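See structure below.
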Amino acid sequence: MQVVLATANVGKLQEIIAILSDLRISFLSLASLHGYIPSVESGVTYAENAAAKAKAAAEFSGYWALADDSGIEVDALGGQPGVHSGRYLCVTATDQERNQRILELLDGMPLQRRGAHFQCGVAVAGPGGELSIFHGSCYGSIAEAPYGNSGFGYDPIFIVPDFGVTMAALPPDVKNGISHRARAIEKTKPLLRRLSLTAA
């Protein structure tokens, strides 16, 4: 069975493939869909954005497709950047610039006021219009400075309480067992297993 992973984010692509590596599925990237133009994210929830991406890729390719949308919600910033995490500041801003802005806004704030959580919505869509939505979250806090060399996005400033280090300081296999994305993707496995058996 082939499934399109509807993301252009290399970090997400690698994580999703690793999390689903125990399934008998081969994955197609958006780059393999010649002529496909991803839509601009316009939903007001993670689920809406993920659904739009998965449905568009499934309709274009004729294969089942999986997409995610995720973001970080900082308590002291009223839940921002939230669903706009990937476009925070501006669409051309780097991960480092976005992280630095959050650290500046929280400068001098005590640990007890630095709470934050990652949210993830995952959609699995079929070429016949089928759609299933899954959710995952991970709670922690914002570090005073970025550290860690793994991961991407906001990982370097997000402290995972059970480990006492940032998401970026965790080995990939550990992160892929506890992250918001991992928790959402894990929930897709029963569906994907059924689909792979049907395809066989």
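The backbone N, Cα and C atoms fix where each Cβ goes, glycine too.
Remember, TrEMBL labels are computer predictions, not curated facts.
Taken straight from TrEMBL:
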- T7, A8, N9, V10, G11, K12, S70, F152, G153, Y154, D155, K175, H180, R181: substrate binding site (BINDING)
- D69: active site, proton acceptor (ACT_SITE)
- D69: Mg(2+) binding site (BINDING)
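Of all the binding-site residues listed (G11, G153), G153 sits in the most crowded Cβ setting, with the most other Cβ atoms within 10 Å.
Every protein chain shown contributes to the tally, and the Cβ of the residue listed as 'active site, proton acceptor' ends up with 26 other Cβ atoms within 10 Å. Here T7 (substrate binding site) comes close to L13, I16, L30, K53, A67, D68: these same-chain residues lie at least six apart in sequence, with C-beta atoms under 8 angstroms from its C-beta. Between the CA atoms of D155 (substrate binding site) and the residue listed as 'active site, proton acceptor' there is a gap of 15 Å. When every Cα pair among T7, A8, N9, V10, G11, K12, S70, F152, G153, Y154, D155, K175, H180, R181 is compared, the largest distance found for this substrate site is 20 Å. Shown in sequence order, Y46, S85, F118, Q119, C120, G121, H180, R181 are the residues of the chain, 6+ apart in sequence, with a C-beta less than 8 angstroms from the C-beta of S70 (substrate binding site). In this structure, G11 (substrate binding site) is part of a helix by DSSP.
In the three-state DSSP reading, D155 (substrate binding site) counts as helix. Cβ-based neighbour count (10 Å, all protein chains) for D155 (substrate binding site) stands at 24.
Highest local Cβ density among the binding-site residues N9, H180 belongs to H180, counted as other Cβ atoms within 10 Å over all protein chains shown.
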